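S.K.: My questions all concern the structure below.
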Amino acid sequence: MNPFKTLPTLSFLFLTFLGLAHAATFDIRNNCPYTVWAASSTGDAGDGKRLDQGQTWQITAASGTVRARIWARTKCNFDASGKGSCETGDCGGVLQCKGYGKAPNTLAEYSIDQYEHQDFIDISNIDGFNVPMEFSSNSPGCTRVIKCTADIVGQCPNELKVAGGCNGPCPVFNTEEHCCNNPGTNCGPTNFSRFFKDRCPDAYSFPKDDPTSLFTCPTGTNYKVIFCP
């Protein structure tokens, strides 16, 4: 027996162990007095689950996961095969999301085990707002708590109002002023982004809102996302 034939398997197991060692768990809870359909996605892969009031769902993100999102969908109808639609946050008409959701949706965003073994976390209203949210550490090594619980839907400017939510200015107007697509553009806050920032100062209100909206926890932290905290 050639002992070197086992090396690929051992290497795979070692790398898998490393990924699991730095994985993060996310406990997702629905405290809203209505049903939501929770969703998670990394852009090309994801999942989804119906959560009635008080129900929870746990997901795991491996070390190296980037640009991942968790959000709530509202007023959904799915058939037995998992196909249907949602009033807000719909992700291609399926229960188990593959890509990102359609605006408006309040987003918990994260990247795991990045620069200097830090996790990067935030709440974003760039794609608008549909459900109040808390995104916080569930581990003693980090005390970070991010919340966005204002009555944004009720106070939404007429230009951004949609059924069940308040859309972000970028999805509505799709202009450089609001979307900051060009890295060389000196893009700043607008009156519409200030509407969100005034009500949820810890959440992203426009794409270059990093200084007051992007937070870190040490890799190895676990998290919780609460709808209607």
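Here the Cβ of each residue, glycine as well, is placed from N, Cα and C on the backbone.
What TrEMBL records for 1-23 is signal peptide. As annotated by TrEMBL, disulfide bond applies to CYS32-CYS228, CYS76-CYS86, CYS91-CYS97, CYS148-CYS200, CYS156-CYS166, CYS170-CYS179, CYS180-CYS187.
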S.K.: Return the single residue from the disulfide-bonded residues list (CYS76, CYS97, CYS148, CYS179) that has the minimum number of other CB atoms within 10 Å.
M.R.: CYS179
S.K.: Within 10 Å of each Cβ, count the other Cβ atoms and name the one among the disulfide-bonded residues CYS32, CYS170, CYS180 with the highest count.
M.R.: CYS170
S.K.: If you count Cβ atoms within 10 Å of the Cβ of CYS156 (disulfide bond), leaving out that atom itself, what do you get?
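M.R.: Excluding its own Cβ, the number within 10 Å is 19.
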S.K.: Between CYS148 (disulfide bond) and CYS228 (disulfide bond), how far is it from one CA atom to the other, in Å?
M.R.: 9
S.K.: Could you tally the C-beta atoms, other than its own, that fall within 10 angstroms of the C-beta of CYS86 (disulfide bond)?
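M.R.: Looking across every protein chain shown, the total is 25.
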S.K.: CYS228 (disulfide bond) to CYS187 (disulfide bond): how many Å between their Cα atoms?
M.R.: 32
S.K.: Between the Cα atoms of CYS187 (disulfide bond) and CYS200 (disulfide bond), find the distance and write it as a whole number of Å.
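M.R.: That separation, Cα to Cα, works out to 20 Å.
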S.K.: Test of understanding: give the count of other CB atoms lying within 10 angstroms of the CB of CYS228 (disulfide bond).
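M.R.: For CYS228 (disulfide bond), the 10 Å Cβ neighbour count is 17.
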